[in-house]
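J.: Input: one structure, supplied below.
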Amino acid sequence: MKGDKPEEPGPGPEPSGPPPPTEEEEALLEFHRSYRELFEFFCNNTTIHGAIRLVCSQHNRMKTVFWAVLWLCTFGMMYWQFGQLFGEYFSYPVSLNINLNSDKLVFPAVSICTLNPYRYKEIQEELEELDRITEQTLFDLYKYNSSKTLVAHARSRRDLREPLPHPLQRLPVPAPPHAARGVRRAGSSMRDNNPQVNRKDWKIGFQLCNQNKSDCFYQTYSSGVDAVREWYRFHYINILSRRRQDTSPSLEEDVLGKFIFTCRFNQDSCNEANYSHFHHPMYGNCYTFNDKNSSNLWMSSMPGVNNGLSLTLRTEQNDFIPLLSTVTGARVMVHERDEPAFMDDAGFNLRPGVETSISMSKEAVDRLGGDYGDCTKNGSEVPVENLYNTKYTQQVCIHSCFQESMIKECGCAYIFYPRPDGVEFCDYRKHNSWGYCYYKLQDAFSSDRLGCFTKCRKPCSVTIYKLSASYSQWPSATSQDWVFQMLSRQNNYTIKNKRDGVAKLNIFFKELNYKSNSESPSVTMVTLLSNLGSQWSLWFGSSVLSVVEMAELIIDLLVITFLMLLRRFRSRYWSPGRGGKGTQEVASTPAASLPSSFCPHPAFFSSSPPDPAISPALSAPPPAYATLGPHPAPSGLAEASTSAHAPGEP
């Protein structure tokens, strides 16, 4: 009560410490004692559907087996679907996205060539010998008399030097048996579809040999026209190679007005800042409008024929090389501003006396590289040097690859492609076997044995201009007189053959809408995880935490297996009584390892009599189990034991 003095604690036993933890209390880290216990715990507590049925039906073996089989089949189906999803992801599929855009468009570059290789007056002396031998060859093979041509006039001027190497020849082909003749023509690799003179069974060609003349072959053609043109072209390249290495300014420069009478873009006249000049070995003088070096960037803000490039061209052929160029007109190509013009690959010809209107539509393609596609962004990883020093394109790479092979195998550069510094163009006066090497290399290139088409990958970003052309006669019969009169007075030039002397070209956008095609990954990591989660929920109706439970089960299985193996290993190899089949296990335990409660009290060994209140059974240590078994005693102890027995006792 209040006011009472607190009771003083009397003498008594001292308070003991906190009780030691019992086995039932949960430890910080513990594991199940058996697989069965672990499995029952997992099935009773997991959130995966169907697992608890394996425990609830344990008293009905048939249901247990049914649910176990169903659970395993469901598990297998789910992981089969997982394999399908991972296979789809690692195949790196792409989706094509098509967008339609509308904006002002940058006008592309337009390259146009005369279709007229270097004129007679520029390289007349170099071509006389070639023309004479070609004339004689045509007469021998086809009885063609060109006495009225310019070549005949040149031949009467002076005697020429030694004959050219690699003469053109007529080569007979052995006739097959009559029964197999139809089969040969049907399945032969020869160019039997080409026209043949008098239907003779021969071929036209010229012989090419290697450096030491140990290997030779004939470059042959079933068409005489093709053979003559190719043979003339081969020698023309040699002549041109000598001039290209020592080019005079008069040969490289040409007046724009000699080829292009009028030029307008968006109704404004062109000037010298809008074009650049280059030479093509076969197409002569070429001009590129609106290339990357132009000072003014041409833009199209309106579609239609009046909002593009309009050119009036001179297409007369009075000074053409007839044995090299068999067509008249002009050649045009549309390409990107920072790409070179490959007139052989993508150009097309314009017809004289015709107005050609070309409408364009732009299309941009953006591909995915890396694992999603075999394309390159800038060609830096392509093992081919860009000899054009321009933007990477597949054609740039392919031509550079062939030129590298040409320099490596033949020791000289092909005149149609750029050459590295310090390398000469091929000329049989310096490289007498380059023709043999070139045609062999060309055959390997066509069949991709050089690997150029494999090395040169597509660019990831490409701009394509789709062209559609329409044609009409120009000028008309009623207007041609005043048109030709104006052109002649304006350009101080007399057009001899009016209809075949001019051509008109219009290039424009037919619409400002352009299509962009871009690739994107069809299956991203987010999509993959979503699909995996959907499959997991479909087959087990669980979530990510259920996956963690499965991982925990696997870890527990591994730990329990490890502990069981460790226990078995210790019992087999670390047991102290291992030598006596386990009978010496307790007997061999040292006294120091026994608990203190099993050790005798120190007073037990004192000289004073023992306290009768203390039971000997409680104070004595437990006997060693090994001593309970029979084994011989020491001799001294045996005698003492015998003397202690009373007489007559057993």
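Numbering starts at 1 and runs along the chain as displayed.
Backbone N, Cα and C atoms are what each Cβ position is placed from, and that goes for glycine too.
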J.: Could you let me know which of Asn44, Asn145 shows up in Swiss-Prot as N-linked glycosylation site?
T.: Asn145
J.: Of the cysteines Cys113, Cys452, Cys456, Cys460, which is paired with Cys286 in the disulfide recorded by Swiss-Prot?
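T.: The record-listed partner cysteine is Cys113.
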J.: Mind checking which of Cys437, Cys452, Cys460 has the disulfide with Cys401 in Swiss-Prot?
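T.: Here Swiss-Prot pairs Cys401 with Cys452 via a disulfide bond.
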J.: From the list Cys410, Cys412, which cysteine is recorded by Swiss-Prot as disulfide-linked to Cys426?
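T.: Answer per Swiss-Prot: Cys412.
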J.: Which stretch does Swiss-Prot mark as motif 'PY motif', out of 61-65, 221-225, 311-315, 621-625?
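T.: It is 621-625 that Swiss-Prot describes as motif 'PY motif'.
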J.: Specify the nearest of the disulfide-bonded residues Cys286, Cys426, Cys452 to Cys375 (disulfide bond), where nearness means the distance between Cα atoms.
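T.: The answer is Cys452.
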J.: Spatially speaking, which of the disulfide-bonded residues Cys263, Cys270, Cys401, Cys426, Cys460 is closest to Cys437 (disulfide bond)? Use C-alpha to C-alpha, please.
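T.: Given the candidates Cys263, Cys270, Cys401, Cys426, Cys460, the nearest one is Cys426.
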J.: Any residues 6+ beyond the ends of the transmembrane segment (544-564) with a Cβ under 8 Å from its own?
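T.: 31-32, 34-35, 38, 42, 46-48, 533, 536.
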J.: Which one, from the disulfide-bonded residues Cys270, Cys397, Cys401, has the smallest tally of other C-beta atoms lying within 10 Å of its C-beta?
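T.: Comparing Cβ neighbours within 10 Å for the disulfide-bonded residues Cys270, Cys397, Cys401, Cys270 has the fewest.
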J.: So which disulfide-bonded residues out of Cys286, Cys410, Cys426, Cys456 end up within 10 angstroms of Cys401 (disulfide bond), measuring C-alpha to C-alpha?
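T.: Of Cys286, Cys410, Cys426, Cys456, within range: Cys456.
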J.: Would you please pick out, from the disulfide-bonded residues Cys113, Cys412, the one with the fewest other Cβ atoms within 10 Å of its Cβ?
T.: Cys412
J.: Just give me the nearest neighbour of Cys263 (disulfide bond) among the disulfide-bonded residues Cys209, Cys410, Cys426, Cα to Cα.
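T.: Going through Cys209, Cys410, Cys426 one by one, the closest to Cys263 (disulfide bond) is Cys426.
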